[in-house]
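Novice: This is the structure, below, for whatever I ask next.
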Amino acid sequence: MHKNNTTFLSRVFGINSRNIDVHNPLFADDSVIPLYDQNQSAYYDNAYSDYSSDEEDSKPRTSRQTDSNLHMTDHSGDGNDPFNQMDNSSRFSNSSSFHYNNTDQEDDNPELLLLQDEDSSLNRKNLDNSDFQSFAKKTFNQIPKIKFQLPKKEDYPTSHRQPPDIENQNGTLKSSVKKQIHFLDPMDKALWMWSNVSNLDTFLHQVYDYYTGNGFNCIMMNKFTELFTVVFIVWLFSFMGNCIDYDKLMNDRNVYQFSQVKIDKCYSKIGFFPQKLIYWLFFIGLCLKLYQIFLDYLVLKDMKLFFNLLLGLSDDELQTISWGLVVKRIMILRDKNINAIVSQNTDLTSRKRMNAHDIANRILRKENYMIAMYNKSILDLDIELPLIGKVQLLTNTLQWNLNIAILDYFFDSETGQINLPALKERNRHTISTELKKRLIFCGIINIVLAPILSIYFIMYYFLKFFYDFKTNPADISSREYSPYARWKLREFNELPHIFNRRLNISTESSNKYINQFPKETTTALLKFIMFISGSIVGVLVIVTILDPEFFLNFELTPGRTVLFYVSTLGAIFTICKNSIPDDTLVFDPEVSLRYLSQFTHYLPQEWEGKYHTEEVKNDFCKLYTLKLYLVGKEILSWLFLPYILCYKLPECADTISDFFREFSVHVDGLGYVCTFAMFQFNNQHNENGNANVHQNGNGNGGVPSAKSKSKKVPNPNRFTTKPSMRDMENDDKMIKSYMYFLESYGNDEIVQHQQALNRSLIYSTEISPTSGDDLNDSNILGLRQRNVATTGKRQNSIGNGLIYNGQNKRLSIGEAKTNVYSNPIASTVLDKDLQYKLANSYILNGMPGLNEANQPADRKNERKYSNDSPGVMKLVDKISQQHKA
């Protein structure tokens, strides 16, 4: 740069511009620097010329000549000069100069006027403000120009970055990272997967399926065996239908080898329609299934890393540990990890709200609605059959159709959340119309697929059960719970594996309850048949032992050898023997059914006083029915499914729409869930009909508190379509669900509803808690808290056992104790010692039917128990006073 520029920079900034390189190596381009300097010089020259001409025109004539040639120099080094305050090392010499000219003249131009320091003050006084502005502006051209190229927009290093796509769940940045995720360490990959969960419902479903499938190897083996089972059934059916000459097999007695009845090149003789078309469709479906298995394989690999590395659980441990332990480790992982920067899950509340209750609600979001609909009889699935009467026709096939027609319509397939338009009352007519169309469409599809699928299921069930019935004929009379019973007996937020375990435990008690009913006529007939068949089998076996070679091929009837009759009569003997009840069984159906209710959690009020009748037994047998009957109903259901889907269920479309709209509540961090799954007991008896809705998640992510925001929920009784069907509140469905949920998981984080639960239990006995503090929650919970502290086993509210059996009728001591022991809630959460104390306390507090004279003798036990739990005794006394009144 020019010397003038150097002097200016040195006086103002104390630096030497000759030694400064303002070249920017990041953006510089040597090929364009000269061109850039030329353009910049022309730009500033033009700007200065325009400005200078304007300045000259605006000045007076007297000042134009003075300003035309101006040169100021300071040689004095006066302390008053601000430039003299600078370090002397920054100056080129002992003198400092201010050079200005309005042309590009050199500094030694003799025409410049030199102004000495002593005259500078005088000359400066003659300059007005515009002169100073002109002076400052004229120095602008002397400032050194920075040599760099202005980069274009696409040249920026960060130009490849795209803003995150909020609406797209995948996101551009996340997708680019996901392509490189396989290069990460397994632990880092597992952490990345956990931190970038965008759909928590789907993720928890995958976690639960991995747990119930017992690990990676077991799940993949099951998937391939199921696929090969379908392939084998189709191949076997095709081969037997096309490649065997049945005419020769049945009529030709000279046939002894399979090759004699096998048709060569049998598949080349079949036509395109319908067999080859069916085979091509099956092949396409097989390819799609293989692709789905491949996608599942990728997900299972990630789940394996998640369980093995993050949760510290190997696949072998998954077969023995409880689900509660998995939930606890997920909660620990939740507390120790946060979302990654690239995660699109901005709802941090959903990650914080992840306790056992929230996890169950996410996994069973759809199932909770179905449990409520079946318990409230929203779906009309009954048909009238001649000579049989009304039959409840819910099969596994019908459940698949309901999931497609109803659940897939109300829930979003990607997020798993309920579709918001379905909750708008103004859309009621539209939703009902669309729901009817979907149901009718499913019915039409069933009409088209009925012939093919009926044949498939016949083959499947035949191959599945024939060998079992042949090797163990007693299984032909075995029973299991029907699909309708499984929905009826299932609790809210009860995971499938917990529910199956509960039903499996109840199987033995169910068989004992049914078999103890006297059936003398049938028993006598079965004993006679068993004796005849057993005698013939015994004779044939003895003769066969004497001469095995002759009698094994000896034909008793044309075409029927001894071996055939031994096998057939042996099966008949086994069936009759297992159908005869055990002689040691004691007939006491009431005690048996109450004991059974510990596991089924099902004891309807209309059964009260009729436990010994055939009516109650038949009602229970509709739930726990013959397995052979269920198989036949599953096969024949293809004849009735179109009728149910096209005519019966469309009439329920309005009710289904109203149910989803009026029994859905929104929970922050959780989304819309079924009202009954939130265990809101304190709003069951609200006269205004308001249901408390949890809006703000707490720190523990627990169950909603009573202080949550309220939303209007209608009376649930409007959905009860049968007069004999009790309302869900009277049946204590939610209470039993909540109690069993606490028993399954523990209530470390779910204690907020205990107060509302006890209040609801008091209300259910029609006792008004208005007499002071003797019915407060602390007294009711007194014994429960003491049991937790002493035994370490969590004992849930004992008040439920007291109130549940507090019926106004005469009871003996044995009956009262039986009522307490058989209570479906109390007996599952209380040990036998506490049940015995509870029964005695229940009896010894003035209940009807007791001799008052006998009470003082037993008061010792009562006082001893009262000292242990005064709150419970006060509650018992309160109940007694109500009964006496």
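Glycine is treated like the rest: Cβ placed from N, Cα and C.
What Swiss-Prot records for this protein is below:
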COMPBIAS  88-98  compositional bias 'Low complexity'
COMPBIAS  688-697  compositional bias 'Low complexity'
COMPBIAS  857-866  compositional bias 'Basic and acidic residues'
INTRAMEM  439-459  intramembrane segment
INTRAMEM  626-646  intramembrane segment
REGION    49-108  region 'Disordered'
REGION    688-726  region 'Disordered'
REGION    847-871  region 'Disordered'
TOPO_DOM  1-223  topological domain 'Cytoplasmic'
TOPO_DOM  245-279  topological domain 'Lumenal'
TOPO_DOM  301-438  topological domain 'Cytoplasmic'
TOPO_DOM  460-524  topological domain 'Cytoplasmic'
TOPO_DOM  546-555  topological domain 'Lumenal'
TOPO_DOM  577-625  topological domain 'Cytoplasmic'
TOPO_DOM  647-885  topological domain 'Cytoplasmic'
TRANSMEM  224-244  transmembrane segment
TRANSMEM  280-300  transmembrane segment
TRANSMEM  525-545  transmembrane segment
TRANSMEM  556-576  transmembrane segment
Novice: Which of 224-244, 280-300, 525-545 shares the most C-beta pairs under 8 angstroms with the transmembrane segment (556-576)?
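Specialist: It is 525-545 that shares the most Cβ pairs under 8 Å with the transmembrane segment (556-576).
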Novice: Go through the chain and flag residues at least 6 beyond the ends of the topological domain 'Lumenal' (245-279) whose CB is under 8 A from any CB in it; none is fine as an answer.
Specialist: 238-239, 452
Novice: Summarise the topological domain 'Cytoplasmic' (460-524) as counts of helix, strand and coil residues per DSSP.
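Specialist: Here the numbers are 49 helix, 3 strand, 13 coil.
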Novice: Mean pLDDT for the topological domain 'Cytoplasmic' (1-223), as a whole number?
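Specialist: Mean pLDDT across the topological domain 'Cytoplasmic' (1-223) comes out at 55.
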Novice: Counting only residues 6 or more past its boundaries, what in the same chain has a CB within less than 8 Å of a CB in the intramembrane segment (439-459)?
Specialist: 233-234, 236-237, 278, 397, 401, 404-406, 634-635, 638-639, 641-646, 649-650, 653
Novice: In the same chain, which residue numbers or ranges, 6 or more beyond the ends of the transmembrane segment (525-545), come under 8 angstroms Cβ to Cβ?
Specialist: 551-552, 562, 565-566, 569-570, 572-573, 576-577, 579-580
Novice: Using a Cβ-Cβ cut-off of under 8 Å, list the residues of the same chain that are 6+ residues beyond the ends of the topological domain 'Lumenal' (546-555) and lie near it.
Specialist: 540, 561-563
